[in-house]
Amino acid sequence: MIFPVTLLAFQWHRRPGGRALSRAAMEVAFRGVRKVLCVAEKNDAAKGIADLLSNGRMRRKEGLSKFNKIYEFDYHLYGQNVTMIMTSVSGHLLAHDFQMQFRKWQSCNPLVLFEAEIEKYCPENFIDIKKTLERETHHCQALVIWTDCDREGENIGFEIIHVCKAVKPNLRVLRARFSEITPHAVRTACENLTEPDQRVSDAVDVRQELDLRIGAAFTRFQTLRLQRIFPEVLAEQLISYGSCQFPTLGFVVERFKAIQAFVPEVFHKIKVTHDHKDGTVEFNWKRYRLFNHTACLVLYQLCMEDPMATVVEVRSKPKSKWRPQALDTVELEKLASRKLRINAKETMRIAEKLYTQGYISYPRTETNIFPKDLNLVALVEQQTVDPHWGAFAQTILERGGPTPRNGSKSDQAHPPIHPTKYTSGLQGDDRRLYEFIVRHFLACCSQDAQGQETTVEIDIAQERFVAHGLIILARNYLDVYPYDHWSDKLLPVYEQGSHFQPSTVEMVDGETSPPQLLTEADLIALMEKHGIGTDATHAEHIETIKARMYVGLTSDKRFLPGHLGMGLVEGYDSMGYEMSKPDLRAELEADLKLICEGKKDKFQVLRQQVQKYKQVFIEAVAKAKKLDEALSQYLGERTEMAQQEEIYPAMPEPVRKCPQCNKDMVLKTKKSGGFYLSCMGFPECRSAVWFPDSVLEASRDNSVCSVCQPPPVYRLKLKFKRGSLPPAMPLEFVGCIGGCDETLKEIFGLRFPRALPRASQPSGHLQASQALNRMDSSQHNLSQPLVNRHTRPSKTVAQALLPPTTAGESNSVTCNCGREAVLLTVRKQGPNQGRHFYKCSNGDCNFFLWADSSHSTGGGTPTSASGPPGSSVGCPSSVGSHMDGFGSLGSDSDGGTPCLCGQPAVTRTVQKDGPNKGRQFHTCAKPREQQCGFFQWVDENVAPGSFAAPAWPGGRGKAQRPEAASKRPRAGSSDAGSTVKKPRKCSLCHQPGHTRTFCPQNR
């Protein structure tokens, strides 16, 4: 279930940078604040921070989420005694996804996903957390964000802000910045609150949206196609794509292919050894090796002719082995993989756990420089109690204190990873990783190992050979850092100019070897070098390509590409797009940094990147057979696919914006046949335009209406059934249903809240109303003038002309005011007692419609009038007297009389006693409960349009009485000025000879 977050709640107007505020400004801002809501990224962090700020005197309460508790405590903040309400989220509170209509894989062509609307919503499993925040916000005057101080943490902070400010827009919002959960760090953060940094959050929004669009489009493309091409192998396989996944896979494939393409070469070299009482010294040839056997053999033979060695040089110099640099995230992942055999994902999971427990500083950092204001002495002192490395820590303090070896990188957010608290209670990999971080920190703060290196160079037949020896003078950091090795290599004493007989002089052969497969540490190093992902996401991308079976691991934990991974990379490479190369993603990562620095606009980056990947996608789909061919080399015979349309559904093209929700409305086909215009916001928005059954074909034209708003409103190519339109109207034409074409408004039953502006139409496009009016004026030459086609159409007729509805295809009943009509029941005794009807909810427009005829199953139109039950049925005001072809009120071409349904009327005879007994009349042929209310005497010559004439402009839709339309005597009267009393007329049909009680319409 999805709970969309109101877009207005996302409007955040603080300054983009996370600047610090002066204490005076903060004291002013906190005046009157009694309760402060504090939100951390995880429950453990919230508990730890609350415990430190309250000195252990916090009060725990249950939140609506059982995993996220609430901790209350009193605190003195900026001159105010306040109650702090500390709670947490569980990572990201909100998620990005496409709108509902795009989420099903078969709902659209994947290309649409590059432009489809995306919404940010709260997943169902986080709703309780969201409700907790909303509930607590009501009672608080300020909000302090305590999420992790990195990009993701900043973005999570803004998600919290959006939720809370939707409840209380004037809520004061501040940001706590810290790198470790220690008493000093959290109190310092409280005393130096800053503003949240919108720019950093924007960078995450851009990355999330691009990952969603690019990943979803390519994943659907690959999966849907390849599952059909290789059904036996990939029928159940998700073949995902990610702009970081593929370059990561590309590194593995590239190394594997380099090994495959490697051609070994034989080389030759001369080796000299000299035995002495302490061992054997090996002298290496200064030429190293030769690939020419003959040349090496000649030199070897020269050496063998006079094998006496002469010592030509003895050098001795100090040698240092550098201690490790301060630890950043990438180095932690690499070293843990190499030294501890813990993979990167598990390393970061454990490191996050140690951080929230307060044992180490924040583990996601690009910094390898300790800040000068960090108290390293206190951190070293904490470790002096340990039985394994405590003595070494004490030695550091006794020798002048810590002197860390710094690197050259800083993210200006967090210090290098270091221990913040001593513990001896950890077990398993938790203990091993904590010990590594402590030992690395102590080694970094110690001294380099010192030694003395001796180099001896000898000459044999003018060929030079060299040997190296080492004596370690001071181990220093090596005493605490067992992960590095440096051993003595003793040499006997050689005097310059002395001679000795080598023990062996031999020519040996060898062969060049290919590079090794990548280890996880190698892969992370390549990702960092080429800007693929961040220190926080390297492990995630590696795990993804393993889970998708794109790569596997050998027995010695090296990456080997699988058949699927190889085929995908080779397939895309054969298209000419090096999607497995890091360039595209590296550009994006660079742009994200520029967004964080305020040097690039988020929307500009989004547009550029979407367009770039969209173009690649279009061409990749066009060349998809190359992907099939590449994979067939690894997966076997493929199934031929004839048409692209067989795999992907056609893209719905937007026709206009929905008047209700402003989303696109697209042309769709009903299951039962026929067409309708549907809102892309379905099911949240159910706006639709149902086309009548007379429409045989409908498609979007590329021309845009210059009148209708909001633009663009595309015209439609329409084809109607023969006989459904007036004879002079073409059955095929291009028309607009945006509201400017009055006749199409009537045909399609369009209802608009207000009249649209009218303007001249571009030439070349025929409007239905124009064709109809030309037909009326040229062929019928009626004495009654046509109603102005610019007149706003009657809501009643718009409703009456709606097509028959089936299950799931309904339009709400709207009165002439544009409001939803109210459903009532006839209470008065009579033939219609108990019958339901619709009426204007405000009583403003005298709208009336029988409920049982609003959804006629017989294909007719519903009974609709502008009067109370039993009154005359009104004609549409915008159609007037030219209704031929749509159910004319006059005689049709073959002499029959159609009713309001457009069907031939039947002739009946009055059976009741009275003056009209035996008189014939025309009425609707349908059963009584479905009749449209049409009535006409057979012996009466009724001019077209005189029956229930159209409403006068401004007359609130009331039907005009025939006698009001003309005061002239009826045709056939011999004396126009006669004063003979007129007979009483029926109040229903306005005909003489009977009353309402005996009217055939009131049966």
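Backbone N, Cα and C define each Cβ position, glycine as well.
What Swiss-Prot records for 197-617 is domain 'Topo IA-type catalytic', and it gives sequence analysis as the kind of evidence. Note on the domain 'Topo IA-type catalytic' (197-617): its mean pLDDT in the predicted model is 92.
Summarising the annotation, Swiss-Prot assigns region 'Disordered' to 400-426 (among others). Helix, strand and coil residue tallies for the region 'Disordered' (400-426), in that order: 0 helix, 2 strand, 25 coil [DSSP].
According to Swiss-Prot, the zinc finger annotation covers 658-685 (among others), on the basis of sequence analysis.
According to Swiss-Prot, the feature zinc finger maps to 815-854 (among others).
Reduced to three states, the DSSP call for C840 (Zn(2+) 1 binding site) is coil. Using a 10 Å radius centred on the Cβ of C840 (Zn(2+) 1 binding site) and all shown protein chains, the other Cβ atoms total 21. The Zn(2+) 1 binding site annotation in Swiss-Prot covers C815, C817, C840, C845 and is backed by sequence analysis.
Taken from Swiss-Prot, the feature region 'Disordered' applies to 856-888 (among others).
According to Swiss-Prot, the feature compositional bias 'Low complexity' maps to 862-888.
Taken from Swiss-Prot, the feature zinc finger covers 899-941 (among others), and the record attributes it to sequence analysis.
C901 (Zn(2+) 2 binding site) is surrounded by 25 other CB atoms, counting those within 10 A of its CB over all protein chains shown. As annotated by Swiss-Prot, Zn(2+) 2 binding site applies to C899, C901, C924, C932.
What Swiss-Prot lists as region 'Disordered' is 946-991 (among others).
When the Cα atoms are compared, C924 (Zn(2+) 2 binding site) and C840 (Zn(2+) 1 binding site) turn out to be 26 Å apart. As a summary of secondary structure, the zinc finger (658-685) carries 0 helix, 11 strand, 17 coil according to DSSP.
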